[in-house]
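*Asks:* This is the structure I have questions about; it appears just below.
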Amino acid sequence: MDQYTNRDHPDFIPGTSNIYSSTNLENGVIYKNKLKKEGDVILIPQPSDSPNDPLNWSKNRKYAHFIVMALVTGLTAGTSNCASSSQDSLNEYYGISYDAMNTGAGILFIGIGYGTLFVAPFSYLYGRKLAYIVCLGIGLVGNIWFGYSHDTSDALWSQLLVGISESCAEAAVQLSLLDIYYQHQLGSVLTGYILSTSIGTYLAPLFGNLISNNLSFRWVGWLSAIFSGVLILVILFATEETYFERHRYQTPLTSKQSIQGIDNGTTLVSTHKADESGTGDEKTINSKNEDEKVQTKQQIVPAAEEELIDGSKEPMNGYWKRFAIITTSSRLQGWGFKQYWKYIWINVRMFCFPGVILSGLFWGMQNAFLSFYLTTMDTYFYDDPYNYSNVGVAVMNIPCMIGAIFGCIYAGSFSDYIVLWMARRNNGVLEAEFRLYFAFVSAVIGSAGLLMFGIGTQRVLAKPVIYAGLAFIGFAFGSAGDIALGYVMEGSDLILESMVCVAIINNTISCIFTFTCSLWLDASGTENTYIALAVINFAVMMLAIPFIFYGKTFRMKTKKWYLELLEARDNI
């Protein structure tokens, strides 16, 4: 077990973990306390005994926090995708061109991606809640501004603020969810996250059109601002802080013994009651494990290790501490300004890791395709032979959402069971690349959906073909998101940093295709464009194959960089 948990072990590989165990004696290490498990699944990370450890929260507390995070994700995704429902009114009343609105969408993606980079350090320095409050506050201002739009500059710059508001849902939300859930629950957690993103993405245009038609286009922005304000109040007064410095607490992994003759390359601990012989820092201990005597040797622990907090003796925090707006890091120096920029630099350096690039491509291409089929809907379905209304076009997002639900379940909750099954067949060892096997179905279904929708629209095929194509596209959107985020989160403890880079790649790709999709459709035609998109989708998702074979090698080759960044982050 030590080689999977101890970064200094020579055989340690990021993203490889032993998630099954039937004994306390593993890889030359006897643990003072039994590793905590759920059934026969080892809990990763190992929780402390503190009642303030979010991993120890009751199910109801976890559900409550999960719901708030889902609301943050869904609301910010929704407010970022509902501006299109106002574009006809803005064009009619103020002469704001559709090209300008398209530029606003590109600016929005820049706000999301690069806002994530600058918001992420808040989670380490000042607790998780502050990032949500700041981002939702910025979104509130942006939505009010959009509601008062009178010219092109209003429409553009308000979208930058709305984009920044969604940046908290690109990385901070995932970190908060992993504060309260274990590694073997990752797929189910991501199911909820991607599902929330999908609901916001696909339903917001529908509700936006209903609001614009029945109230005014201005209420699209104003209602978004109201919902943002309400959610800020919920986070302020009814959402617990999940920031917890687990490295300062005792866990089963902080007390362990080394079997004599096995060099773990680490300083080990033992407090087993046993007969001792020898002097100095190394003593011989006889301990019993399943009626068999095992010869072990003990090394004295540095004083710093002895000062780990015994969480079982810690009282539950009071209301004001559990719901504090700011929970500062124990390492915070002054206001943390210098540390903030160090975190930024660490985030940027994560672009060196192949797995991060792959995840960004998976997720980014699905968001890029979103620009194409939304543009195609606007181009074809208002005119003959479809003659849809604004609401009718918006309703076409429903098949996408239905497909996304199935995609999320397939690559999320279902993947947890399959990944655990694969780990059992692999002697209990879980590899991050197990998540990538789910990319094959997404590649086929997503590409088929693009062909069905694109060719079906161009040739005016039966509506079920077009709607089924949209459902298949939604399936790929939901499943590819789960696969991308699951792989990068499974493969590294630098979760926030990895998610920042994925967000930048994802939204940069989306921004580029926002500006080019209309040009491509005009130059190549709808049918040829969607054939090309189907090929691109298949090729990108098939990048899973080299990573399935060589992903572990990539992780081994970049281990030195990984450990350097991990140490740099933990010592800021």
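Along the chain as shown, residues are numbered 1 onward.
Glycine is treated like the rest: Cβ placed from N, Cα and C.
Grabbed the feature section from TrEMBL, which reads as follows:
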TRANSMEM  100-123  transmembrane segment
TRANSMEM  130-148  transmembrane segment
TRANSMEM  189-207  transmembrane segment
TRANSMEM  219-238  transmembrane segment
REGION    270-292  region 'Disordered'
COMPBIAS  272-292  compositional bias 'Basic and acidic residues'
TRANSMEM  351-374  transmembrane segment
TRANSMEM  394-422  transmembrane segment
TRANSMEM  434-453  transmembrane segment
TRANSMEM  465-488  transmembrane segment
TRANSMEM  500-523  transmembrane segment
TRANSMEM  529-550  transmembrane segment
*Asks:* Taking pairs 6 or more apart in sequence, does the count of Cβ pairs under 8 Å between the transmembrane segment (100-123) and the transmembrane segment (500-523) hit 3 or more?
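*Replies:* Yes, the transmembrane segment (100-123) and the transmembrane segment (500-523) are in contact.
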*Asks:* How about the transmembrane segment (130-148) and the transmembrane segment (219-238): do they have 3 or more C-beta pairs under 8 A, pairs 6 or more apart in sequence?
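*Replies:* As far as Cβ distances go (cut-off 8 Å, pairs 6 or more apart), the transmembrane segment (130-148) and the transmembrane segment (219-238) touch.
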*Asks:* With a cut-off of 8 Å between Cβ atoms, can you find at least three pairs linking the transmembrane segment (189-207) to the transmembrane segment (394-422)? Only pairs 6 or more residues apart in sequence count.
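*Replies:* In this chain the transmembrane segment (189-207) contacts the transmembrane segment (394-422) - 3 or more Cβ pairs sit under 8 Å.
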*Asks:* So are the transmembrane segment (465-488) and the transmembrane segment (351-374) touching or not, going by 3+ C-beta pairs under 8 A with a sequence gap of 6 or more?
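*Replies:* Contact between the transmembrane segment (351-374) and the transmembrane segment (465-488): present, because at least 3 Cβ pairs are under 8 Å.
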*Asks:* By Cβ distance under 8 Å, which residues at least 6 away from the ends of the transmembrane segment (529-550) in the same chain are close to it?
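*Replies:* Distal contacts: 354-355, 358, 361-362, 365, 369, 372, 433, 436-437, 439-440, 442-444, 446-448, 450-451, 453-455, 458, 476, 480, 483, 520-521.
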*Asks:* Mind checking which residues reach the transmembrane segment (219-238)? Cβ under 8 Å, same chain, six or more beyond either end.
*Replies:* 68, 71-72, 75, 78-79, 82-83, 85-86, 129, 132-133, 136-137, 139-141, 143-149, 158, 162, 165, 208, 211-212, 323, 325
